[in-house]
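Asker: Reproduced below are the annotations present in TrEMBL:
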- 3-275: domain 'Phosphofructokinase' (DOMAIN)
- Gly11, Arg72, Cys73, Gly102, Asp103, Gly104, Ser105: ATP binding site (BINDING)
- Arg21, Ser22, Val23, Val24, Arg25, Arg154, Gly185, Ala186, Glu187: ADP binding site (BINDING)
- Asp103: Mg(2+) binding site (BINDING)
- Thr125, Ile126, Asp127, Arg162, Met169, Gly170, Arg171, Glu222: substrate binding site (BINDING)
- Asp127: active site, proton acceptor (ACT_SITE)
Amino acid sequence: MDKLAVLTSGGDAPGMNAAVRSVVRTALYWGKEIYGIYRGYAGLLEDDMISMNSSSVSGIVLHGGTMLKTARCKAFFEEENQKKAAQILRKRGIGGLIVIGGDGSIQGAEKLSRLGIPTVTLPGTIDNDMHGTDETIGHDTAVNAVVSAVSRIRDTASAHNRAAIIEVMGRFAGNIALDAGLASGAEYILVPEVPFSREKLARSLKLQMEAGRTNSIIICAEGADDGRALSEWLTERTDIDICTTILGFIQRGGQPTARDGILGSTLGAAAVKALLEGETGALAGMHRGEVRIISYEEAKKEKEPFKQKLYELSVMLGAAQSSGDIRETGL
């Protein structure tokens, strides 16, 4: 296996550049040629790739986004296009492909693996919702971005005696909301994994403000409720001044944290090593603090469970202590 290639696919995540840098320099260290494929699977289908050297990745490790660009490619789910991609890789003599991305990216890599193209995938998504790994590249940076925003929003909310709803990303997972909410001391954390009662939230929020609180922070995962709709509903029933912030793509951008830089670097090197040792159809992820190479099939069986104990801690430390549990099944 003399030639390898790397691509980033799906939504970008801070730390992807660190992973790309690690893949490129590790491959070069072992005397291999390495190609960078632009725009994920879309670029692969167009044979849009370049030969990379050590200078190609100089200075990128502290930048967010991905130097290789990224895209979502529905066309790649068609078998004809998967075969076309495999043919392009074979024609170039590329013996292994490293894919950095989320669940959809893994599915694409798995298809190529079944067509005889050795692949290893790195988990890259801010949502931290992938099978087979405890951590994903980009999650820590996103959480820190939310914590920073909460600090700023709490300042202005306190100045006006307001409550604040801050909607964060995560799709159907509440990991960003939970981690950022606990780290920032939010009074309420709404996640899709734990249904909540709007009525209980309204009652609790009103008790909080009537007791003299100058502000209350509600972190709402996008999969738990619509932030603006919830704000309007609460305002109508409590007469509390509520400001709403949809953080959006600010969670994806910016300099990666040290944790994400280290994670991307560690997993990038591990992915190259795995390919060179004959591993294929596998995910390079983290398990209990250690790098683990696990097959796509085995990874599918391992869904990282919701951090229930951490959620219970957030409830204990938040508004529930003085104004009641807002869960549908709560007290």
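Glycine is no exception: its Cβ is also placed from the backbone N, Cα and C atoms.
It should be emphasised that the depicted structure is a prediction, and the values quoted were computed from it without experimental measurement.
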Asker: Please list, in sequence order, the residues in the chain of Arg171 (substrate binding site) that are at least six apart in sequence and whose C-beta is under 8 Å away from its C-beta.
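Answerer: Spatial neighbours, sequence-distant, of Arg171 (substrate binding site): Asp127, Asp129, Glu222, Gly223.
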Asker: If you count the C-beta atoms lying within 10 Å of each candidate's C-beta, which of the binding-site residues Val23, Cys73, Ile126, Met169 ends up with the smallest number?
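Answerer: Relative to the other binding-site residues in Val23, Cys73, Ile126, Met169, Cys73 has the fewest Cβ atoms within 10 Å.
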Asker: For Gly104 (ATP binding site), just give me the three-state DSSP call.
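Answerer: SS state of Gly104 (ATP binding site) = helix.
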Asker: Return the residue, from the listed binding-site residues Arg21, Arg25, Arg72, Arg162, with the maximum count of other C-beta atoms within 10 angstroms of its C-beta.
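Answerer: For the binding-site residues Arg21, Arg25, Arg72, Arg162, the Cβ with the most other Cβ atoms within 10 Å is Arg21.
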Asker: What is the total of other Cβ atoms whose distance to the Cβ of Thr125 (substrate binding site) is within 10 Å?
Answerer: 28
Asker: Measuring Cα to Cα, tell me the gap between Asp103 (ATP binding site) and Gly185 (ADP binding site) in whole angstrom.
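Answerer: On Cα coordinates alone, these residues lie 31 Å apart.
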Asker: Would you mind giving the whole-number mean pLDDT across the domain 'Phosphofructokinase' (3-275)?
Answerer: 96
